[in-house]
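Data block below; observations after.
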Ligand SMILES: O=C(CO)[C@H](O)[C@H](O)COP(=O)(O)O
Ligand SMILES: [Mg+2]
Ligand SMILES: [Mg+2]
């Protein structure tokens with residue numbers, strides 16, 4: 001079966017670049033995902049959680065340098081009981097009044113109305129949770145547990161994972177890119193289009209010289225030099241709408 005056979009019938013309507021990105025993700029390869037000018041304007045390394053190896057974790061921390069996070073779609077997050085971290089903290093204000101002033105509220109973020117952070121986890125088979133092999137295991141197991149729930153298995157997240165941990169989970173908005181344009185939603189939209197498990201790893205590219213988010217032009221150049229597809233949020237939204245109308 002050719003790689004194109006893995007795509008739905010609307011595959012031909014996607015731009016060439018999106019088709020390349022979809023094929024790369026289906027092969028378990030890394031792509032580069034820029035959100036939007038005027039939002040974070042960041043480029044994230046992006047790869048399917050099921051495909052991640054310890055070498056990918058090393059690559060992300062050395063060449064991307066941001067936070068290694070795992071995005072899950074809204075349904076999977078609900079199924080596993082992964083709440084938004086801000087909601088957990090708001091609940092906790094009942095125990096600690098100091099938290100009142102700390103918890104994220106509307107207007108706090110300069111680039112969006114809210115963050116997508118859920119809880120931080122480690123798989124229970126990890127030791128400290130931070131080495132590359134531990135993080136890869138936690139990430140793979142997040143993909144695996146979602147596959148099992150999608151197959152109808154009853155799972156118990158807490159029997160397999162603990163929090164706090166060293167892998168940040170992100171909960172995608174229910175309306176995905178129509179509700180929020182973060183890499184959380186963009187990566188999950190790509191997973192839906194590609195027909196892969198909606199559990200995706202993202203990690204921001206930072207500039208080694210100045211510590212800021214890597215400029216888009218430099219991220220694009222990195223993509224060219226390393227043969228990685230570079231996609232922008234707007235292209236993803238266009239493809240997602242085509243995919244949605246074919247469902
Ligand atoms: O802040 C983040 C976590 O390190 C990153 O920006 C990541 O891309 C996910 O967040 P968002 O969906 O807001 O872009
Ligand atoms: Mg961010
Ligand atoms: Mg982002």
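Sequential numbering from 1, following the chain as shown.
Note that Cβ sites are derived from N, Cα and C of the backbone, with glycine treated the same way.
Just so you know, TrEMBL annotations are computer predictions that nobody has curated.
Taken from TrEMBL, the feature D-ribulose 5-phosphate binding site covers 39, 40, 44, 180, 181, 182, 183, 184. Look at TrEMBL and you will find 40 tagged as Mg(2+) 2 binding site. What TrEMBL records for 40 is Mg(2+) 1 binding site. Residues or ranges marked as site 'Essential for catalytic activity' in TrEMBL: 166, 204.
All features noted in TrEMBL, drawn onto the structure.
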residue: 39; record: D-ribulose 5-phosphate binding site; Cβ contacts under 8 Å, 6 or more apart: 111, 112, 181, 182, 233
residue: 40; record: D-ribulose 5-phosphate binding site; Cβ contacts under 8 Å, 6 or more apart: 111, 112, 182, 204, 213
residue: 44; record: D-ribulose 5-phosphate binding site; Cβ contacts under 8 Å, 6 or more apart: 32, 33, 34, 35, 64, 66, 183, 187, 202, 203, 204, 205
residue: 166; record: site 'Essential for catalytic activity'; Cβ contacts under 8 Å, 6 or more apart: 120, 122, 126, 128, 129, 130, 134, 135, 138
residue: 180; record: D-ribulose 5-phosphate binding site; Cβ contacts under 8 Å, 6 or more apart: 112, 113, 114, 116, 172, 173
residue: 184; record: D-ribulose 5-phosphate binding site; Cβ contacts under 8 Å, 6 or more apart: 69, 71, 116, 170, 171, 172, 173, 202
Max pairwise CA distance, angstrom, over record-listed D-ribulose 5-phosphate binders 39, 40, 44, 180, 181, 182, 183, 184: 16
In sequence order, those recorded positions of 39, 40, 166, 180, 182 whose CB lies under 6 Å from ligand 2: 40
D-ribulose 5-phosphate site, defined by 39, 40, 44, 180, 181, 182, 183, 184: further same-chain residues with Cβ within 8 Å of the Cβ centre: 35, 36, 42, 112, 116, 185, 186, 233
Winner by Cβ contact number (other Cβ atoms within 10 Å) across the recorded positions 181, 182, 204: 182
Among 39, 44, 180, 182, 183, 184, the binding-site residues whose C-beta sits under 6 Å from ligand 1: 44, 182, 183, 184
Of 166, 181, 182, recorded positions neighbouring ligand 3, Cβ under 6 A: 182
Cβ neighbours of residue 183 (D-ribulose 5-phosphate binding site) where a neighbour is any other Cβ within 10 Å: 29
